[in-house]
Structures are given as C-alpha cells and as structure tokens.
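Notes for the one structure printed next.
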C-alpha cells in the first residue's frame, strides 16, 4: 500500500509543475493599493488590466460609504447561521426581489458564493435519470457541478450549433429510455475568450427538443443589456432561460451570487441547494453593499456607457494595429499571439517591468501549444490615456516577440521546457 501523499509529493499537477518559475510573479502575484486601474506590484506603479471591476464600483465613493456604514452597524458576522436556520433577514429578501425584477424573472435566491453556488445548482436540478449537455469551454464551476451528476453528460464543441444539436439529439434519445429530462448549460459570456454564448440559437432548438436551459452570466450581468440585465436580455431571449445565474464578484465588485427563474423552481432550489442549506448566510455587509451596487446599476447608465466607450477604443485600436482578438463581442478582450511558454513569461515580465502594464497571461494547457493569450479587462475606470499607452506597448512587445528577443532572454528556460 502506498502513502496517500506519495503522488502529491511527486507531481504538483499541470499548473503546479511550473510553480518554481511562476509563483509570486506570474501566479499568486500580490497587487497592492486601492482597487482600480492604477495599483502597485512589487513596489512599482502599474496600469492594471486584470480585475473584473467592469463598472468601476469597487472604489466608488458611494459604494465605499455604504460598505463602511454596513460594517459599522452589523459587523462581519451578522446574521449567524444558514438561511434555513437563523441567518435569514428581510434585507436578504429585499435584495432577492430587486434582483429578480432587474433580470426579468419571477423570483431569485441569494447564494453566499458564486462557485459553490453553481456547483450546488447543477447538483440540485438533475437526477441520475437526467442528461446534461454543456459547452466544452464551460467554466470550472460548471464542470465541477457536472462531475457530481450520476447520470450521463455530453459536451458540445464551443459555440458550435451543429455539434450542440448532434449531442442534444443523443441526449433526447437517452432521456427517452431513462425517463429523465435534459439540462443544457451555457455561459452568457465566456470569460476567457469574450464570446457570447449563442443563446438565441440554443433556445430556438427548444421547439424541437424538450430541454431546460441554465445560463451562467457572470461576465454578462452588468455589462450587457440596456441597463446591464445580462446576455439573455441583450439577445432578446431572457424569457427562454429557465435558470439564470450570476455572481456579484465582477460588475458588482462584491461577494455573493444569485440564481433566478420561475417561482416554483427557485422555491425548490431554496430547499435543495446543499451549499446554502448547510453553510453560513451571506453576511449583511455584503447584502447591503449589493443593494447599493444594484441601485447604481439601475440609475447610473453612464457607468455602462463609459465601460463600452473604453471597450470600443481598446478593441478597435488593437484591430487597427493588426492584433488578433478572436471573436470577442463583449468587454473581455483576448489578444492571441504565437509563442512558447518561456517567451510568454519573458513578454509579461517586460510588460510589467519596463512598460508598467499588468495583465493576465494564459498558455498551454488552457489554450493550444504554441499560443499565448493576453487577456485585457477594460473597465469604466480606465482612461483614454491608459488605453493609448497600452496600445503602444503592445505594438512594441509584438515586435520583440517576432524578432526573437523574448526567446533569447529566456533561452535556458526554453531549453528546459521545449517549444511549449
């Protein structure tokens, strides 16, 4: 018999294997200062493109004031216990009513954390006789939720409607034999590449196949729709989304999440979401803070307008310079380049140390070998000067990449890793 930890000591995993080279700089970096476009990294001022504070609410004075007042009045603990037992308040109910109205649903239910909330939603919605069909590029919280499913699941190629219908047909045939139903899961906005899920095309197939649709709209809520009501409203299909989910961690710059749908489904989830039934209620400081943030989304359209002004300036500028930003049609701005992992590391180091620009880097195995993805997250708080400075820097680093400067800088690391 082996020691349980033997495999842990031998292999840190696909990402952990690079920790000796990456930790503290490329992964687990420490950003300091007030949240926003201008922060500090390792003691230096940086222009930050790596936080999802889309509407600039994280450091908005009205938000900070309400957060401070709520903390002073309630502390960090109130209410204590799970919602079902002793952690329920009228403020939780008020937020749920307002969220439901905002996203055009009958009812909503608060979740204390987005990731575990989504895992629990999937677990609660399906039985072993049901079949799940989901996009292959779904977020990890969806994948982990699907892993709990004892029944069959099918993945379809990303945003590929031919692949989707093929797998939907397989699911329908299987569900006929098991006596179960079908749950389709998509993201409203895919956070890595910035593409909207093809919700309009998906719901059109409801006429042919009897399925229910769950949408994770973490990046669409607050950014899409006339007031930020989300991707479903933006595409005109919100009524066809059976279960709508979003987090407070992005546009609302807070903690928590919610799920919305018809009243009967939400009531069922209220009594069957294990991650909520057996966990502490969302603290009042976050509930009061979310109410304020929602009010600002409802009454300050200029925040969303400023966001999109910045998105358009950035994305148009990148395209004019010949950069490949994929098929993004949202705020998420990916820049695809050809290069190895060592070249990517040298490039990001150059951006941070010599251009003062901080952003997220994505490499293999998340994307294909030989590709580098630099993900830029524009917000309402960025300025035109921030964008123009970044565009100039990107032109400079691309030239260095293409002329082999970064390969030469990390020659030893390249030798160790190979052409990854």
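Here the Cβ of each residue, glycine as well, is placed from N, Cα and C on the backbone.
Taken from Swiss-Prot, the feature pyridoxal 5'-phosphate binding site applies to 114, 115, 219, 247, 249. In the three-state DSSP assignment, the secondary structure recorded for residue 249 (pyridoxal 5'-phosphate binding site) is coil.
Around residue 250 (N6-(pyridoxal phosphate)lysine), taking its Cβ as the centre, 25 other Cβ atoms fall within 10 Å, counting all chains. According to Swiss-Prot, the N6-(pyridoxal phosphate)lysine annotation covers 250, on the basis of similarity to another entry.
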- Message: Among 114, 115, 249, the binding-site residues in question, whose Cβ has the most other Cβ atoms within 10 Å in this structure?
- Response: 114
- Query: In sequence order, what residues of the same chain, 6+ apart, have a Cβ less than 8 Å from the Cβ of residue 247 (pyridoxal 5'-phosphate binding site)?
  - Reply: 114, 117, 218, 221, 256, 257
- Message: Give me the CA-CA distance between residue 115 (pyridoxal 5'-phosphate binding site) and residue 250 (N6-(pyridoxal phosphate)lysine), in Å, as a whole number.
- Response: 13
